[in-house]
Ligand code: ATR
């Protein structure tokens, strides 16, 4: 066991609940690997206490924190400064405590794009179809647009897709019922809905109309292979699993807090998937 010194650097993940979070494993693996005098801990914080706890952590010398459900919008409000990625996403998932105040970033879009690239998929290869209209859809849509891809949003509740499209530069909207038949127009399709997640129904969507070489990304990572990804693999398309996004989105925070840029590799996948 690694013992901390009095000058150990500290970070953690703030959520409610937080016991399901895989972030302590990701950061713990990297801390161990690099022999860093530091710790990364789960921080269960109820919504009514969120802002006070963030300020207290900053005052207590923490280097920063990740923020997860349900705090990502509240985290935006508690920051003294937010960067371009947080602005575009309308939410913050990474806090960095600096002498100048609390800085907010959103690394979800970065993680998604980095994971695409790790799978050999060019994010700007062609138009992207994004299923869903929640926070993850917004971060991913904004990141893909920043890479130069044209984005179409498709959500069961079309009003939400339209509201999100209005917040993004020149995004289109496709009716939910047309998602399978329109597939041939896209180079990338992304499931950001909760469909396919453990204990949820699967996403019903035939990939029969897919153009050859379509990249099919799912942000669901439990199970690792969703029915959507299994069909993509079976049809010879390019499946992109969701765990990689979670691993890659953790990189910028770790680098900011602990001063080392960590690696996403097979061993990390094994440890975090277990
Ligand atoms: P996030 O976690 O990204 O912030 P969210 O706001 O919880 O997302 O939304 C979950 C997404 O899954 C939504 O796009 C939701 O569609 P609605 O806006 O119509 O609710 C989608 N979703 C959840 N259950 C669904 C279902 N049975 N069929 C289709 N879409 C579903």
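Cβ atoms are placed via backbone N, Cα and C, with glycine included.
Any TrEMBL annotation is an automated prediction that lacks curation.
Note that this is a predicted model, so its numbers are computed, not measured.
Taken through DSSP, the domain 'Shikimate dehydrogenase substrate binding N-terminal' (13-95) splits into 37 helix, 18 strand, 28 coil. Here TrEMBL flags 13-95 as domain 'Shikimate dehydrogenase substrate binding N-terminal'.
Annotation comment: TrEMBL describes 21, 22, 23, 68, 93, 108, 221, 249 as shikimate binding site.
Marked as active site, proton acceptor by TrEMBL: 72.
Feature annotation from TrEMBL assigns NADP(+) binding site to 84, 132, 133, 134, 135, 136, 155, 156, 157, 158, 159, 160, 219, 242. Sequence-distant neighbours of residue 84 (NADP(+) binding site) (same chain, 6+ residues apart, CB-CB distance under 8 A): none.
What TrEMBL records for 128-194 is domain 'Quinate/shikimate 5-dehydrogenase/glutamyl-tRNA reductase'.
Taking 133, 135, 155, 157, 159, 221 as the candidate binding-site residues, the subset whose CB lies under 6 angstroms from any atom of ligand 1 consists of 133, 135, 155, 157. The Cβ of residue 68 (shikimate binding site) lies under 8 Å from the Cβ of 13, 14, 15, 18, 21, 23, 93, each on the same chain and at least six residues away in sequence. Taking the recorded positions 22, 72 in turn and counting surrounding C-beta atoms within 10 angstroms, the largest count is reached at 72.
Counting other Cβ atoms within 10 Å of each Cβ, the lowest count among the binding-site residues 108, 159 belongs to 159.
Mapped onto three states, the DSSP output places residue 133 (NADP(+) binding site) in coil.
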